[in-house]
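Single-structure report; data block below.
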């Protein structure tokens with residue numbers, strides 16, 4: 001396997017270096033690139049980056065043969081854009097236009113790939129005979145610092161502790177303010193909820209009162225009707241009693257009148273009899289007198 005060194009700046013190395021653009025590095029790996037380009041000559045170095053790769057040949061003839069043979073080839077659904085690193089394409093035209101697999105192989109062989117634009121054109125614009133871009137910077141491991149004397153270390157620790165304490169206090173104050181604001185909001189919400197509950201209780205009480213009134217009203221009406229009926233019945237009874245008493249009094253008065261009439265008639269009869277007796281007595285006296293006169297005459 002070739003090395004990863006593809007950033008030499010000497011003219012010979014630059015003229016024998018091939019740039020491979022629009023490469024689907026999610027699918028194509030370094031071993032695949034070496035297998036494809038090793039047939040054009042010995043590969044000294046190969047580096048694969050995101051969207052592109054570099055292949056370092058021994059001489060310029062092998063590099064030009066690789067460019068002529070592989071430029072425009074489709075690998076993993078993307079058309080490769082290959083040229084010498086020292087001689088980038090000036091008039092690319094529509095080099096970054098996406099083309100489907102159906103255009104390359106016909107409508108019967110349609111691959112669903114999202115073609116990317118030429119990473120080389122977007123990221124780098126090299127004039128002729130310009131060194132390639134530097135490789136991706138590796139993470140630099142910082143060297144260990146020498147320990148300082150105990151006093152300075154203590155001061156540093158104390159300073160760090162003071163800074164951390166200040167940060168902690170500021171964060172605590174911020175948290176305290178946030179907590180107070182949250183408490184205020186919660187108290188407001190609680191007050192609103194309490195007022196709503198009170199209003200609901202009032203509404204329920206009013207509804208219960210109305211329901212009680214609606215239930216009690218027919219009973220009261222019935223009681224009133226029964227009382228009225230009882231009073232009317234008692235009045236009727238009183239009227240009948242009065243009528244009966246009046247009729248009984250009339251009968252008594254009639255009987256008394258009849259009795260009085262009878263007494264009057266009896267008194268009148270007695271008076272008439274007495275008068276008759278009185279009339280008879282003088283007649284008898286006259287008769288006695290007449291009889292006496294007759295005797296005298298004889």
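The first residue you see is number 1, and the count goes up from there.
The backbone N, Cα and C atoms fix where each Cβ goes, and this holds for glycine too.
Here is what Swiss-Prot records for this protein:
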type: CROSSLNK; residues: 8; note: SUMO2 cross-link
type: DOMAIN; residues: 16-87; note: domain 'RRM'
type: CROSSLNK; residues: 50; note: SUMO2 cross-link
type: CROSSLNK; residues: 89; note: SUMO2 cross-link
type: CROSSLNK; residues: 94; note: SUMO2 cross-link
type: REGION; residues: 131-177; note: region 'Disordered'
type: COMPBIAS; residues: 162-173; note: compositional bias 'Low complexity'
type: CROSSLNK; residues: 163; note: SUMO2 cross-link
type: COILED; residues: 176-211; note: coiled coil
type: REGION; residues: 204-298; note: region 'Disordered'
type: CROSSLNK; residues: 209; note: SUMO2 cross-link
type: CROSSLNK; residues: 222; note: SUMO2 cross-link
type: CROSSLNK; residues: 225; note: SUMO2 cross-link
type: CROSSLNK; residues: 225; note: SUMO1 cross-link
type: COMPBIAS; residues: 235-246; note: compositional bias 'Basic and acidic residues'
type: CROSSLNK; residues: 236; note: SUMO2 cross-link
type: CROSSLNK; residues: 237; note: SUMO2 cross-link
type: CROSSLNK; residues: 243; note: SUMO2 cross-link
type: COMPBIAS; residues: 248-269; note: compositional bias 'Acidic residues'
type: COMPBIAS; residues: 270-279; note: compositional bias 'Basic and acidic residues'
type: COMPBIAS; residues: 280-298; note: compositional bias 'Acidic residues'
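Sequence features, as recorded in Swiss-Prot, placed on the structure.
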{"residue": "8", "record": "SUMO2 cross-link", "Cβ within 10 Å": "16"}
{"residue": "50", "record": "SUMO2 cross-link", "Cβ within 10 Å": "11"}
{"residue": "89", "record": "SUMO2 cross-link", "Cβ within 10 Å": "17"}
{"residue": "209", "record": "SUMO2 cross-link", "Cβ within 10 Å": "10"}
{"residue": "236", "record": "SUMO2 cross-link", "Cβ within 10 Å": "10"}
{"residue": "237", "record": "SUMO2 cross-link", "Cβ within 10 Å": "10"}
{"residue": "243", "record": "SUMO2 cross-link", "Cβ within 10 Å": "10"}
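Restricting the recorded sites 8, 50, 89, 209 to those with a CA within 10 Å of the CA of residue 243 (SUMO2 cross-link) leaves an empty set. Taking the C-alpha atom of residue 209 (SUMO2 cross-link) as reference, the shortest distance to any of the recorded sites 8, 50, 89, 236 belongs to 236.
Listed as Cβ neighbours of the compositional bias 'Basic and acidic residues' (235-246) (distance under 8 Å, sequence separation of 6 or more from its ends, same chain) is no residue at all: none.
Of the recorded residues, residue 236 (SUMO2 cross-link) and residue 50 (SUMO2 cross-link) place their C-alpha atoms 118 Å from one another.
If you measure from the Cα atom of residue 8 (SUMO2 cross-link) to that of residue 237 (SUMO2 cross-link), you get 138 Å.
For the domain 'RRM' (16-87), the number of residues in each DSSP class (helix H, G, I; strand E, B; coil) is 22 helix, 26 strand, 24 coil. A helical conformation is recorded for residue 243 (SUMO2 cross-link) in the three-state DSSP classification. In this structure the C-alpha atoms belonging to residue 237 (SUMO2 cross-link) and residue 89 (SUMO2 cross-link) are separated by 132 Å. The two recorded residues residue 89 (SUMO2 cross-link) and residue 50 (SUMO2 cross-link) have their Cα atoms spaced 20 Å from each other.
Following the DSSP three-state reduction, the secondary structure of residue 89 (SUMO2 cross-link) is coil.
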